Every structure is written in C-alpha cells, then in structure tokens.
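One structure is given here, and the rest of the page talks about it.
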Amino acid sequence: MDGGGNSLPSVAGAAATKRRVCYFYDSEVGNYYYGQGHPMKPHRIRMTHALLERYGLLGGMRVLRPSPADDRILRRFHADDYVAFLRSANPEALSDPGALRRFNVCDDCPVFDRLYEFCQVYAGASVGAAKELNRGHADIAINWSGGLHHAKRCEASGFCYVNDIVLAILTLLEHHDRVLYVDIDIHHGDGVEEAFYTTDRVMTVSFHKFGDYFPGTGDIRDIGYGKGKYYALNVPLDDGIDDESYHYLFKPIMAKVMEVFRPDAVVLQCGADSLSGDRLGCFNLSVRGHGECVRYMRSFNVPLMLLGGGGYTIRNVARCWCYETGVALGVEVEDKVPDHEYIGYFAPDYNIHVATSNMENKNSRKSLDDIKVKLLEYLSKLQHVPGVQFQERPTDMDLEEENEDQEDTNEKNDHNSDRDERPES
C-alpha cells in the first residue's frame, strides 16, 4: 500500500514526472501583525519566501501575485453580516462589543490593523490557485499564506477569520465533480469538514491530535451526514507521533481514499504545527516526514493545491514549506541553509532538517491498527457507489459561476522585484 500512487494504474512512475507549479505570494503578507505575544505570525510567510528565493526555487515556478478576494467572493461561504463586520473592523474603534462576541473576534482572533485586507489577500491567493488548476495552467498550485481551516460561516475561530480553503474548494467544484481535502495540521480541520459535511462531492480527511485539544472535534465516529455519510474521515492521534507511525496510517488510508473516491482535484493543508518542537503542538514529525505526505499525494498525479495553516515555531515553518515547495518541484533542497536576511533564525546549525525530540510516542501499534481498520471499513462502504451520480451542488452553497471578465486579474511577479508586475496572459 505504501508505493506512492500505485493504487491508480494511470500514475505508474508519476512521482518522477516534472510538474507545472504556480506559487502565489504577496509581498505585503509579512507586514500583517496579530499583536504582541500572539503565536500566529504572518512574518513566517515572508521567511519562507526568502528561503525559496535563495534556494533558487522561484525560477522553477510561475510566481503570481494574488488578486484580493472581494466581498462577492467571500460571501460565497461567509454570511453577509460577518463579511460586513470584518470589512469595518478597526482596532482603533471597537464600538460594538456585542458584535465581537457574536462573531468570536476576541482573544485568539483579535481585531488588528488591516485585518480585512489580510483576509482578502490570503483568500484571494487560494481562490486564484483554484482557478489556475481549473484552467489547466498548473499541475500544482501553492499558497503558503492560506490553509486557515477553522473559520466558520458566521464566525472566526482558532486564528482564522475567512476560510480560504472552503472558498477554494467551491471554486474547484465549478470544474471538477469530486474534490478531496486532506489536512495534516495538528488541529482538526473543523471548518472545512463542517462546510461539506452533507455532500458527496467533497471528501475531507483530517489527521489530528484528539482529546482535550483545540477545537475538540474530529472523533473517528464523525463520518458525514446524509449524502455526505462516509465522505468525512477523521484520524484521531495522540501525543508524540513520529514519522513512521504517521505514515503507517497516512499512506494506506490515502491510497484507499484515492482508489475509492477518485478525486478530480486534491487540496492538501500542510499545517506545520504537527512538526516536532512546535510552540503549540505535541507531535514529533520531522520536516522530511511531513514533506513525505506532500510527496505521496503528489505521486497520484492529480491536480494538487498546497496550502499552509498552523505552525508557531516560525523557523521550522519556513524550513518545512521551503522543503515542501522543493517536493512539489521534484527538487531535493540542500540541507545547509544559504546565507540570506533571516539566516540568524536558523542558528546554530543553519540546516533545513533538524533533529526530532525524544518525547514518548503515545500512539501504540494496536491503537494505530484499530484506527486503520475502522477507517478502511468506512471506505469499503463507498466501493460500490456509482462514480457519476453525485449531488449537483453542496448543500446551502452558492456555486454560481464567477464573472469570467474578472478572472484574469492575477498578476505575475518578476522573481526579483515585487514592483515589476504585468497582467497574467
């Protein structure tokens, strides 16, 4: 089961095939600031970009500047009053404490300067990535500023305000019958699961810490509802899981998902808080082990979107997403970090790959086997589902076609200058 995408006969040898990769980046993204002491630091996106530049990886991709998502795009998932609140939110004028409570914009999700602009940028990049895949302009589309999987239709949650993933999947569904969402963040991908819980056109698979841990959802018994029954899979894990144990579940489960669901596109949320040593995490994955999940999903040769997510030891976030950009490109980056403006963050060894810890792995082989058996049993229920009779649209989702006149607004950045832009052809 562990041999890449070999469960799909059409992708034999696909792991070695060169991919057309596009990468979305806005030079402003590192300037947004949640506030003093807050663990979410958009600066990590700028650090990642600096590594990509110094490693020469930008030259292997089309680098695109995202068009900000406007209200119309955000309202495809989010409630009108919530979008209006985000647009007007200003840290200097918090005049309605009732609205702050109603929309859960408080401690974890503070109002900060240019909050709405930040949401527009990262959501616009994920929607733009979906459009590039829809048009067939790329095989892999990357947005490390995205992946904010906790945001709900009417409220912020877990450092997330707008659910760019749901918006991207809705865009993919305009051109694809079936979309697979995979989440390797340490936290359950609750906002995305909830959005598509009753549809059979989107399957969600989340690998996460479960038990007295935010957001508290993601029980293995939560499997979807109605037409969506068995189209939500949850893989509940315990502290200290290492590369070997993680892949022992990830590879056979994802091989069976790909075989049974046969998605037309895959969205992989690459939250880096599942790495060893994360400020808020309790897993023990290496950068290479985390990246192996990207390599494995890439091997199926299905249109693939890579998104960021959690990750709070920012030097390790940059290490991880730089390495995984290399994986997308089929390039093994050198371990020694090249000299660049953020080199001090990588002291004292200045390496991409850092040792994992000696923490106890609380995931026994028996517990892993029990999880694997249960999830494969769920998937066996889908084996005889007809491959074409899928629900027209996700429940309560407006999938009206985008205005084609506004689709070609992504701008291509010159690799060396954010000022030298021209419309993407």
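Yeah, the Cβs are placed from backbone N, Cα and C, and that goes for glycine too.
Taken straight from TrEMBL:
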type	residues	note
ACT_SITE	His150	active site, proton acceptor
BINDING	Asp108, Gly158, Tyr312	substrate binding site
BINDING	Asp185, His187, Asp273	divalent metal cation binding site
COMPBIAS	409-425	compositional bias 'Basic and acidic residues'
REGION	387-425	region 'Disordered'
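Annotated features taken from TrEMBL, shown on the structure.
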| residue | record | Cβ contacts under 8 Å, 6 or more apart |
| --- | --- | --- |
| Asp108 | substrate binding site | Ala156, Ser157, Gly158, Phe159 |
| His150 | active site, proton acceptor | Ser157, Gly158, Phe159, Cys160, Asn163, His187, Asp190, Gly191, Pro215 |
| Asp185 | divalent metal cation binding site | Gly147, His149, His208, Gln269, Cys270, Gly271, Asp273, Ser274, Gly309, Gly310 |
| Tyr312 | substrate binding site | Pro39, Met40, Lys41, Asp273, Asp278, Arg279, Leu280, Gly281 |
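Taking all protein chains in view, 21 other C-beta atoms sit within 10 angstroms of the C-beta of Gly158 (substrate binding site).
A simple way to gauge crowding: the CB of His187 (divalent metal cation binding site) has 27 other CB atoms within 10 angstroms, across all the protein chains here. With a 10 A radius on its CB, Asp273 (divalent metal cation binding site) counts 25 other CB atoms from all the protein chains. Spread of the substrate binding residues is 14 Å (greatest Cα-Cα distance among Asp108, Gly158, Tyr312).
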